[in-house]
Amino acid sequence: MTDAKTASSFEEGLKGASEKVAEFHEEKSQLKRLQHWLHQTPSAVPMIVLMVALLVFGVLAENFFKAGTLSVILQQIAIVGILGCAQTIVILTAGIDLSVGAIAVFSSVLMGQATFRYGVPAEIAIVIGLILGTAMGAVNGLLIAKMKLPPFIATLGTWQILLAANFIFSANETIRSSDIAATAPALQFWGGSIQPGGIKILYAVFLMIALVAIMSYVLRSTAWGRHVYATGDDPQAAELAGVPTGKVLIQVYALAGFFCAVAGWVMIGRFGSVSPTASTGQLGNIQSITAVVIGGISLFGGRGSIVGMFFGALIVGVFEMGLRLVGTDPQWTFFLIGVLIIFAVAVDQWIRKVAS
Amino acid sequence: MTDAKTASSFEEGLKGASEKVAEFHEEKSQLKRLQHWLHQTPSAVPMIVLMVALLVFGVLAENFFKAGTLSVILQQIAIVGILGCAQTIVILTAGIDLSVGAIAVFSSVLMGQATFRYGVPAEIAIVIGLILGTAMGAVNGLLIAKMKLPPFIATLGTWQILLAANFIFSANETIRSSDIAATAPALQFWGGSIQPGGIKILYAVFLMIALVAIMSYVLRSTAWGRHVYATGDDPQAAELAGVPTGKVLIQVYALAGFFCAVAGWVMIGRFGSVSPTASTGQLGNIQSITAVVIGGISLFGGRGSIVGMFFGALIVGVFEMGLRLVGTDPQWTFFLIGVLIIFAVAVDQWIRKVAS
Amino acid sequence: MEPLLKGTNLVKRYGKVTALDHCDFDLYPGEILAVIGDNGAGKSTLIKAISGAVIPDEGEIMLEGKPIRFSTPIEARAAGIETVYQTLAMSPALSIADNMFMGRELRAPGLMGSVFRKLDRPRMEKFAREKLNELGLMTIQNINQAVETLSGGQRQGVAVARAAAFGSKVVILDEPTAALGVKESRRVLELIRDVRSRGIPIILISHNMPHVFEVADRIHIHRLGKRLCVIKPGDYSMSDAVAFMTGAKLPEGVAEPA
Amino acid sequence: MEPLLKGTNLVKRYGKVTALDHCDFDLYPGEILAVIGDNGAGKSTLIKAISGAVIPDEGEIMLEGKPIRFSTPIEARAAGIETVYQTLAMSPALSIADNMFMGRELRAPGLMGSVFRKLDRPRMEKFAREKLNELGLMTIQNINQAVETLSGGQRQGVAVARAAAFGSKVVILDEPTAALGVKESRRVLELIRDVRSRGIPIILISHNMPHVFEVADRIHIHRLGKRLCVIKPGDYSMSDAVAFMTGAKLPEGVAEPA
Amino acid sequence: QTSACLITKTDTNPFFVKMKEGAEAKAAELGVTLKSYAGRIDGDHESQVAAVEACVADGAKGILIAASDTKAIVDSVAAARAAGVLVIALDTPLDPIDAADVTFATDNFQAGLLIGQWANATLGADAANAKIALLDLSIAQPSVDVLRDQGFLQGMGIDLADPNKWGDETDPRIVGNEVTSGNEEGGLKAMEALLAKDPDINVVYTINEPSAAGAFEALKAAGKENVLIVSVDGGCPGVQDVKDGVIGATSQQYPLQMAALGVAAIAQFAADGTKPAPTEGKAFFDTGVALITDKPVDGVESIDTTKGMELCWG
Ligand SMILES: Nc1ncnc2c1ncn2[C@@H]1O[C@H](COP(=O)(O)OP(=O)(O)OP(=O)(O)O)[C@@H](O)[C@H]1O
Ligand SMILES: Nc1ncnc2c1ncn2[C@@H]1O[C@H](COP(=O)(O)OP(=O)(O)OP(=O)(O)O)[C@@H](O)[C@H]1O
Ligand SMILES: [Mg+2]
Ligand SMILES: [Mg+2]
């Protein structure tokens with residue numbers, strides 16, 4: 001017992017130890033503040049890139065800066081934006097969802113066929129579609145959380161499965177717009193628009209913005225949102241710290257499935273018809289991932305904000321429309337979009353580096 | 001000074017401390033050994049899945065267990081296997097290369113057009129193609145290592161760029177097989193075959209197997225290979241421990257580009273013609289990633305073996321061929337391959353769990 | 001008195017390595033139980049088995065006389081067992097306050113909290129700051145700093161503060177002072193006493209003999225994957241304890257396994 | 001005598017946090033220099049600045065009188081500065097031997113080595129095992145175990161063994177004994193003396209006062225991001241050192257900054 | 001300055017590449033500004049909708065569109081027409097056909113029918129126990145894919161089951177359907193697989209000439225160079241392949257003509273507001289399809305490869 005006392009004898013030096021909280025003087029220059037703000041706000045950089053893109057195309061293409069053009073850009077990114085919400089929450093958990101597009105298309109086909117093949121009232125068909133889309137997402141979640149499949153491979157599998165099921169189930173049949181308008185206008189709801197001052201803005205655009213806003217709140221200011229970040233950040237640590245990571249993953253993928261189904265419903269409104277061959281089924285995953293990554297969200301999970309994804313989707317939309325108006329040939333458009341993807345993210349990285 | 005002595009006085013208890021190395025008795029049952037082996041050999045599980053698949057299809061489809069069918073499977077996976085070598089080293093560094101297929105197709109177009117449009121001798125055209133393919137890979141590496149772009153986004157960009165460049169440069173022109181055979185047979189070299197006992201085996205198949213074997217050795221038994229694993233495992237730690245991670249990344253992507261260019265050359269031999277629209281440009285990335293992941297290599301880097309990738313490619317090849325022979329409709333084949341991808345990886349995970 | 005927490009015959013193997021080799025374990029109500037042993041003796045594995053972070057291959061664990069079988073740390077937490085792991089278990093990109101309240105976040109009062117499930121950030125931050133101040137971690141300049149930007153010792157402090165603040169039945173600390181400075185270590189020891197005075201027993205793993213002998217009521221000596229013996233700090237000197245745990249001496253009535 | 005390694009006016013800021021605040025630093029040939037200070041005082045940042053792991057915003061570093069500016073730890077290693085970081089810097093999935101030789105692998109003799117660049121696994125494993133035995137890490141059962149499967153203390157031991165085996169000009173140890181047991185800590189202290197007896201100076205960061213006072217030739221006391229003073233262990237007591245570093249007392253001739 | 005848009009299904013298929021070249025040449029001649037757009041993959045109507053919207057935003061006078069999904073595109077076409085843009089369907093009629101102002105198209109079903117009839121007649125009595133491989137485009141089964149396949153089967157006298165879908169036929173002569181993405185690589189792999197399934201295949205239908213060339217490579221490797229291959233398109237390499245005996249017969253279409261007619265119609269419309277009229281007796285302006293073969297058979301009208309080479313489009 002005696003040496004215990006002695007051993008700690010040097011701790012007598014602690015008496016009167018300073019209780020001051022460390023504080024250092026800070027440089028308050030404008031530049032420093034800007035840098036700090038850039039550093040703190042993950043969606044700031046994509047926003048700046050977006051501004052620059054708008055300016056450049058505004059100068060290059062004469063018809064670009066018309067309200068009509070800008071509203072068309074918004075309606076063109078509505079679907080990618082909604083799929084991007086799904087992709088964002090998945091990527092925040094360090095996952096990836098290759099099946100988003102397939103779920104969207106299959107859900108839209110399910111809604112359409114439920115109405116036209118099985119005669120279900122449109123409103124109920126929509127609910128069925130949303131439930132089934134959510135279920136498809138939940139299956140992804142189960143495969144990933146319970147069977148421990150890597151998200152890439154699980155959703156690669158379900159992507160193929162759902163896409164094939166979509167073709168098989170629909171018998172490759174497109175349901176025409178005029179039929180839908182006549183029998184089941186509820187399916188086309190999101191294609192409706194308001195026209196303030198003659199500029200058409202689709203309901204779908206408002207829906208996308210609302211979803212981004214809601215998810216931004218949920219991710220930032222609720223416990224569930226924090227759990228999503230923690231799960232993506234370090235799943236083992238999160239589990240040890242008391243986050244039910246398995247449950248969170250299943251919920252995340254199911255919610256993503258729900259968003260995809262919503263996107264499927266929006267697709268009907270936007271295109272009028274229900275088509276199983278919609279390219280979203282094939283390309284929706286890459287498009288949504290592009291938006292997410294340009295938006296500054298880390299593919300390794302745990303970092304980034306959904307607002308960034310929204311700007312990311314807008315950047316792509318602006319580039320595509322701008323290049324079209326400038327009159328670039330399609331292959332050159334693909335080429336330039338490739339360049340611009342790299343450029344946008346390189347600028348992002350560079351600003352972060354300078355600001356850190 | 002005095003309390004220093006006292007403080008450590010309890011260390012006297014150390015005198016005569018046991019120097020025994022801890023040893024516990026081990027259960028030596030067959031089952032335990034099997035489990036241990038499965039655990040130690042990352043490519044064992046895909047191999048077992050492969051065996052089972054072979055057996056199942058052998059029973060289901062009568063034409064399956066013919067030497068001819070098996071050699072066709074091998075030749076069908078030759079290109080994916082070579083792209084898989086590229087993808088494996090990239091994924092081991094926790095990266096991903098979406099541009100593999102585009103590099104392969106563009107390289108084959110470059111080789112073909114150098115010969116036919118610019119009249120370069122075929123052998124030199126091949127060297128040019130290989131060098132340019134390596135350069136394309138190196139650009140990926142520079143973007144990732146120097147500009148710190150996430151690999152997914154960097155190669156997503158170069159994928160689009162290279163594919164578009166491929167179409168623009170080639171003017172969508174296909175060089176016909178008979179022209180190549182007449183003027184530049186070196187381009188078709190890998191399409192040659194040996195025919196022991198009437199069974200045709202392409203040189204391309206031997207090339208793929210040789211590449212897998214060489215890379216397996218390099219990754220396991222050289223310092224560079226260890227550095228690749230360390231870079232993927234924890235890049236910060238590797239950097240602090242003295243691995244030049246930036247250099248390693250550039251080398252890895254450049255080597256991957258080289259392999260892709262080799263795959264491009266093999267494509268000419270295999271398809272006879274040079275076509276810019278080859279599906280490998282669009283699908284080569286997903287196909288090679290699938291092989292890698294089914295082969296048990298972690299997408300988070302640092303874990304797995306290239307031999308697993310080889311089995312992964314074979315599994316997909318066997319499934320595809322088997323399903324066709326069973327007579328499945330293409331849409332259902334697509335569906336079932338999705339199911340089987342999930343199933344193969346689920347079995348892998350399950351065996352690992354049971355064995356650990 | 002019945003042990004509050006009791007483990008019998010616990011075994012855990014990792015491939016070729018046997019980390020726990022038929023190990024027993026007892027914790028009595030209201031005590032501070034120190035666990036000491038060589039590096040790699042299996043101490044961390046033992047407490048992981050107790051807290052649900054690993055599932056033992058064999059053996060039984062009883063809490064308050066009832067057999068328990070946690071399959072996740074969340075279940076153990078729900079049962080009131082709070083643990084600071086050696087690896088700390090924090091989400092690097094999240095803030096100190098987020099980490100402290102991970103899994104038991106506070107919601108804002110009123111509608112915002114109940115309907116919109118809004119977090120009560122100010123309250124969480126205030127609480128976090130208080131707990132850190134109690135530990136004397138004055139150098140933390142910004143409570144919203146991401147945990148990855150903290151120094152090694154600061155991180156340790158956050159983890160300890162979290163466990164002490166929320167443990168209701170058992171608090172387990174795996175080398176809580178390893179990375180801490182003199183001042184901060186002292187505060188942790190005070191905190192440990194404090195927790196005990198609230199009637200909550202503590203399991204303390206530490207390599208710091210003076211600390212162990214200062215605060216422990218009983219010392220569990222772990223050697224080669226099992227409990228070698230349990231001693232009272234009053235009965236033996238530090239030197240004896242060190243001799244036991246390193247195999248230099250054998251306690252009376254215990255035979256070194258073959 | 002000229003300092004072997006000298007830092008002047010080093011500044012490093014992380015966003016709002018100033019980790020190094022015009023800090024000076026000297027290391028003389030052949031000495032053991034201890035660096036002590038509160039958690040978060042900036043000790044790790046200081047040695048990271050010296051070893052190339054972070055690039056200081058301001059200030060200058062000189063090695064053997066020549067200004068140096070490492071931009072990566074590899075350059076520092078090439079210059080003979082070997083560091084054990086607090087985070088250990090190991091590749092979890094690779095084996096102990098792989099980790100010890102990371103970046104300076106041994107090649108097999110003959111053609112296999114020179115042409116085929118084959119690693120000399122047996123020699124690397126033998127060397128690793130020897131170095132670990134020197135540290136008394138006897139509980140490591142399998143030298144081909146992945147580092148992620150080692151206990152916290154075992155990992156620490158591997159990192160220390162690596163630095164001691166390869167350092168040629170300066171060896172820097174950031175809390176090398178934090179996770180180590182009594183026996184293993186003692187071995188590390190012996191190893192430190194051993195390294196010095198080879199003429200190589202050592203920078204030792206530690207919170208363990210008895211250890212510091214036992215082995216250090218000089219003690220650099222770090223407070224609030226800068227060097228407060230340097231003392232000799234013979235001139236002051238541990239209590240004084242603790243008082244200085246926590247701000248309880250001020251050393252003579254030094255004024256606490258405003 | 002009149003501006004016009006050309007929207008093709010993809011811009012990697014040589015067919016559409018040539019269509020674009022034809023349109024550009026005509027546009028340059030007439031002083032029309034032409035902007036081109038394309039879907040990314042076969043069946044991609046979404047990019048086409050986006051392109052239509054861009055054209056309207058850009059104030060184009062007319063749009064030439066080769067629709068990827070004949071029904072799905074209808075709403076956006078209607079919107080464009082409502083904005084005063086002349087919409088001309090190229091290559092593929094919309095559904096309903098009057099959704100576009102006018103249609104300059106090939107009858108893809110007819111194209112398939114011709115090669116089916118030719119194959120049937122060439123085989124003669126053997127047609128009853130032919131072994132047929134069908135190399136289609138993609139599992140999404142876009143309308144060209146279905147029309148050509150079903151036309152071919154009709155020509156062979158095989159029951160179509162659902163004519164809106166390939167692959168549901170039960171005729172024992174069909175060895176199987178495979179998808180090719182319409183390129184050499186796909187044609188080769190698909191042919192290899194079908195040969196493994198049944199080495200006795202003697203008739204191969206292919207969606208287009210590149211996939212036919214791929215299929216031929218596989219057949220050659222298997223030592224079966226005498227198999228009857230039929231295809232659709234009539235590009236110059238394809239006609240050359242017919243000449244070389246690689247392909248037995250192909251149905252030729254005229255994309256350059258479609259495009260040139262389309263551009264001219266837009267220029268006309270911009271000048272005086274008149275719209276072109278469809279072919280007599282048809283709902284659309286048929287640009288025609290011709291069977292090309294050097295082995296003509298009775299009862300199926302055809303032209304030889306010399307004539308085919310003159311008419312081929314690149
Ligand atoms: N996940 C794992 N896989 C394989 N072996 C493991 C694993 N975790 C621990 N071990 C081994 O089990 C043994 C006990 O480890 P444990 O972490 O319990 O030791 P410890 O007593 O806590 O040591 P320390 O004091 O160094 O923290 C060690 O030999 C270690 O290498
Ligand atoms: N990457 C970073 N980003 C932001 N702040 C950082 C970062 N790294 C360190 N800091 C801050 O710098 C200060 C000094 O940290 P450092 O790790 O140097 O302390 P230390 O003296 O080594 O402490 P300990 O004894 O606990 O290891 C701390 O306040 C810490 O929060
Ligand atoms: Mg431990
Ligand atoms: Mg430190």
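Including glycine, each Cβ sits where the backbone N, Cα and C put it.
In TrEMBL, annotation is done automatically, which means it is predicted and not curated.
Copied from TrEMBL, the annotated features are:
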TRANSMEM  A:44-65  transmembrane segment
TRANSMEM  A:77-104  transmembrane segment
TRANSMEM  A:124-145  transmembrane segment
TRANSMEM  A:152-169  transmembrane segment
TRANSMEM  A:201-219  transmembrane segment
TRANSMEM  A:248-268  transmembrane segment
TRANSMEM  A:280-300  transmembrane segment
TRANSMEM  A:332-351  transmembrane segment
Key: Dominant neighbour of the transmembrane segment (A:124-145) in A:44-65, A:248-268, A:280-300, by Cβ pairs under 8 Å   = A:248-268
Query = Residues sitting near the transmembrane segment (A:44-65): Cβ under 8 Å, six or more positions beyond its termini, same chain?
reply = 37-38, 294-296, 308, 311-312, 314-315, 318-319, 321-322, 325-326, 340, 344, 347-348, 351-352
Request  = Please work out which recorded stretch in A:201-219, A:248-268, A:280-300 has the most C-beta pairs separated by under 8 angstroms from the transmembrane segment (A:152-169)?
outcome  = A:280-300
Contacting positions for the transmembrane segment (A:280-300) when only residues 6+ beyond its ends and CB under 8 Å are counted = 42-43, 45-46, 49, 77, 79-81, 83-84, 86-88, 91-92, 94, 96-102, 104-106, 155, 159, 163, 166, 232, 263, 267, 306-313, 315-316, 341, 344-345, 348
Remark   = Under 8 Å Cβ-Cβ from the transmembrane segment (A:201-219), and at least six residues away from its ends along the same chain, one finds 71, 74-75, 77-79, 81-82, 85, 88-89, 92, 189-195, 225, 228-229, 259, 262, 266, 269-270, 305-307, 309-310
Task = Mind checking which residues of the chain, 6+ beyond the ends of the transmembrane segment (A:248-268), have their Cβ under 8 Å from one of its Cβ atoms?
result = 78-79, 82-83, 85-87, 89-90, 92-93, 95, 97, 99-101, 103-112, 126, 129-138, 140-142, 144-146, 180, 187-191, 204, 207, 211, 224, 227-228, 231, 274, 278, 280, 284
